[in-house]
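The next block holds one structure in the form of C-alpha cells; read it before the comments.
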Amino acid sequence: MKTIAELEAIREKTLKEVGMRTDNDSIRVVVGMATCGIAAGARPVMQAFLTETQKRDIHNVTVTATGCIGVCSLEPIVDIIDKEGHKVTYVNMTPEKVAKVVLEHLANGKVCSEYTLKENQ
Amino acid sequence: MNANARGCMEKDERTHLVTDIVAKHKNSKGALIPILHEVQELYGYLPVEAQETIAKEMNVPISEVFGVISFYSFFSLNPKGKHKISICMGTACYVKGSGPILDKLKETLAIGVGETTEDGEFTLEDCRCLGACGLAPVLTINGKVFGRLTKDDIPEIIEGCKTEGGSVL
Amino acid sequence: MQLFRSHVLVCGGTGCTSSNSEAIMTELNEKLVKNQLDAEVKVVQTGCFGLCEEGPIMVIYPEGTMYCRVDVKDVPEIVEEHLLKGRLVTRLLEASSQVQEDEQDIEKSSFFKKQLRVALRNCGRINPEEIDEYIAFDGYKALTKALTEMSPGEVIQTIKDSGLRGRGGGGFPTGTKWDFAAQQINDEKYVCCNADEGDPGAFMDRSVLEGDPHSVIEAMTIAGYAIGATHGFVYVRAEYPIAVHRLQIAIDQAREYGLLGDNILDTGFKFDLEIRLGAGAFVCGEETALMTSIEGKRGEPRVRPPFPAVKGLWQKPTILNNVETFANIPVILLKGADWFASMGTERSKGTKVFAVGGKINNTGLVEIPMGTTLREVVYEIGGGIPGGKQFKAAQTGGPSGGCIPASHIDTPIDYESLIELGAMMGSGGLIVMDEDTCMVDIAKFFLEFTVDESCGKCTPCRLGTRRMKDILEKITKGKGVMSDIDELETLARDIKASSLCALGQTAPNPVLSTLHYFRDEYEAHIRDKKCPAGSCKALLAYEIIEENCKSCGLCAKNCPVNAISGNKKEKIPFVIDPTVCVKCGVCFEKCPFEAIKK
C-alpha cells in the first residue's frame, strides 16, 4: 500500500518523464540532425545532452532534432532557445563540450561564448 | 474410438467446466450473468444442457436461466458460423449507407439477419454502434474491422473469407 | 528511470485500433531499434485523441506534431525524417495545419482550437495502462484531498456548487443526487457507474474508459467517501472489449497501490470496485434496469419512486452516474467549484463531449464548453459537410432525442436550449445530416431501434412503437395516407404518457421532432409519392434529362436489367423504361454528363 508521501514521490518522478507532453515553457535544445550533422557526430552530442541534463536533474529542457541548417562545415550545430525565443547557436560540438554547456548555460544561465557561432567565425 | 464417443466425452468434460464456472461465481451477488458470459465463451453459444447444469448448480429453475438468456441479445441459443459477420447499424454508419451494404450481404450469402449459412461458414448479424464512426460504414468479421465500405467491396470480402481464414484488405 | 528526448504517442482507441494502429506500434519499435533511436525515443500507446476520421493518429512530443491516417508503410519515413533528422513529414500532417508549418502543434489545429478538454483531459496524453502516468498528471490528488482535507459533506457541497449535471442524458444535478444518498442511513450503500453506452453513434464513455480509466476509479472512490459506500460496480457493454481490458488493468493497479481496498492511503477508508458486463440490451442504460441487470436478472425497469438513492441495488441506497460525469469529478475537487462553474452557460456548467459523426468531414470526439453553437461544432471543429453539400439537420440524443434543423444552427448548445428545440442533450451523439438524408427514413431508423430494444414490460411501448414503425414504413414505401400523420401524433402522445421508463417516454421523440421541422417531407412522401432527399428507394424514379444526354450509351451498357434504350450511332437520346427499372442507381453513378436525375 502507498502512503500519501509515496504517491507524491511517484508523481514527481513520473512527471519528469512525461512532462514534455504538457504545454511547457521549457528551454529547447535543437540539434542539427541532417546527414551532414550525423556524419559529423551529432548523435553522440544529442545523447550527451540527454544524459547530462538527466544527471544534473534539469527538467525544463527539451531536446529535439532539426534538419540541415546549411553550414555543414560547422556541424554538429546546436541551437539553445530560451523561453523568450532568444537563440544561441553552438557549433562544432562534441560530447565533452556538451557537458560544459549543460552545466554553464542550462543550469546556470551563462552562455559558453567560446563555443558559439560568433567566436568560431 | 469413434467420433460419437469422442463427442460424448467432450460433452462430459465441458459439463464439468460449466460446474467449475458456476462454483467460481456462486458466492458473489448477481452471479448469473457473469456465469452466462463465461459459459458462452466456452461453447460459442448456450446449449440447453449447459443451461440445465447452470440451473441445477445454482439451485434456480431453468426458466429463470432461460428468461435471462432470451432477454439479452448478446446471448445466443444457436451455434454460430465459422465467420461471424456483424454489420454496424449505428446512426453514423446508417447515415453513411450501411443499409445497402446489409442488403448486399443478404443477397451474397442468401441468408437473413441472425441466420447462419447451411454450410456453417457464415453467420450474419447486425449490431449496435461499434464506435468506429470515423471509418463508417463498418463491419466486423470475427472481430476484425473492415471500414469505409461500399457495397461493391462485399463480394471480395466474402471470397477472402472462403479462400483463407479471412485476411482480406 | 530513463529520460527520453521524444515521446511518440500512438492512439490505441477502438477507432484507430480498427485501422491497424497495433501494427504501426510494432513497426515503429522495430524501426527505432534499427536506427538506434530506442534509447532516445519512447513509444506510448494512449487513448483516443478524438479525431477518429483521420485515424490512425500519431502525435510526437515535445513538438506536438500530429500525423494522420498513418500507414505501416509511412513508419520508416517518420522515423528517418522526423525522429532522426528532425524534418516534418508534411504529407501526413492534419489537413488544417498543413498551411503553416510552424503551427504543427495539435493544440493549434482548427479541430482542437475551439475545444476545451476537461473530461477528456488525459485521453491521448497518458498511457492508460500505466498508473504512474495518471498520477503524474495530478491523478489521485483529488482523492487524497477529499480523504485528508474534506468532510463528506464538503465534497458534496463542492460538487453542488460546481453545477455539474449528469452527462448521461437527463441532466440531473450530480451533487443533489449524492446528497440524497448520503442522507440515507443504511449499513450498505453502492456507487454504480453507467458505462452501458447504448446510444448508437455515441462513444465518449468508451473513450474515457479506454484512455483514462483511473479518472473513473478515482471519482467513484470519492463518491463512495461522500455518500458512505464501500462497494462500487462499473456496468460496461460487452461490446467494448478494449475498455473492459484497460479498466480491469487499472483496477488491479489501483488495488496494488492501495488506492482501492481496505485502508486507502492509510486513512482507514475502505472502498472496492467490480466490473459487470452488459449483454446487449439498450434498456439497461436506464438506471433501474441497469441495477436489475447487475442483480443478475432480466434488465427490466421498475417504478420510481423509490428512487435508487433511497432503494437501489439490492434495495440499498445507490448512486448511479455515467462515465463522463465521473470523469469531471476529480478536476472539480482539485480546481474548485468556481473554476468549473465559470465555464458554460447559466444553467449548464462545464463542458460536454460530443461524438460527431455522419455527413461531416472530421468525424470524432469533441469536447466543448456548454453554450458553443452548433455552427461552430459543424463548420469550425467538424470541418463542414463533405462534397460541398448543404447542412440539413443534426440529430442529438439518439433514439430518445430529436433534430436541430439548419434554421437553428446558431443555437448555443446546452441542456435547456436543446429541450426547447425538441431535441435533447442525451449522452452526446451528434449525427450530422445533409440534403441527401431523408428525415422520414431517419425517424423510421430510430423507431426500428426502439422496437428492437423495448423490453416488453409496458404495452404502449412494446406495441405502440411497432405500430408507429409500421406507419413509417408504409409512408416510405409510398403507401401512406394523410391521416397517418395524425395517427402518428396520437400514438406518440399516448406512448409518452403511459410508459414506465425513459425508453418508452422518449421513443416517439425522433418522429415528433422530424414532424415538427420537416412535415413537408412527410407530406411529399404521402401526397406526391416523392422522397425529396432521393433516399427512399420505393419512391425513386430515375429519369434521363434529354437535353443533357450525349447518347454515349454508358448507362444502357451498365444497366443490369436492360431497362435503358436509345441509339448511340444516330445520337438518339436514351430513355429509361420505368416498368423494367429496378432502381439500382448504377446509371446515375455511371453517367459522365449528369444527365440522369432521381
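Numbering starts at 1 and runs along the chain as displayed.
Just so it is clear, glycine is given a Cβ too, placed from its N, Cα and C backbone atoms.
TrEMBL does not curate its annotations; it predicts them automatically.
The structure displayed is predicted, hence computed values, not measured ones.
According to TrEMBL, the [2Fe-2S] cluster binding site annotation covers B:CYS88, B:CYS93, B:CYS129, B:CYS133.
Here the features listed in TrEMBL are painted onto the structure.
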residue	record	DSSP (3 states)
B:CYS88	[2Fe-2S] cluster binding site	strand
B:CYS93	[2Fe-2S] cluster binding site	helix
B:CYS129	[2Fe-2S] cluster binding site	coil
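For B:CYS133 ([2Fe-2S] cluster binding site), the Cβ neighbour count at a 10 Å cut-off comes to 35, with all displayed protein chains included. Counting every protein chain shown, 31 other Cβ atoms lie within 10 Å of the Cβ of B:CYS93 ([2Fe-2S] cluster binding site).
Shown in sequence order, B:SER98, B:ASP126, B:CYS127, B:ARG128, B:CYS129, B:LEU130, B:ALA132, B:ALA136, B:PRO137, B:VAL138, B:LEU139, B:THR140 are the residues of the chain, 6+ apart in sequence, with a C-beta less than 8 angstroms from the C-beta of B:CYS88 ([2Fe-2S] cluster binding site). Using a 10 Å Cβ-Cβ cutoff, B:CYS129 ([2Fe-2S] cluster binding site) registers 29 neighbours.
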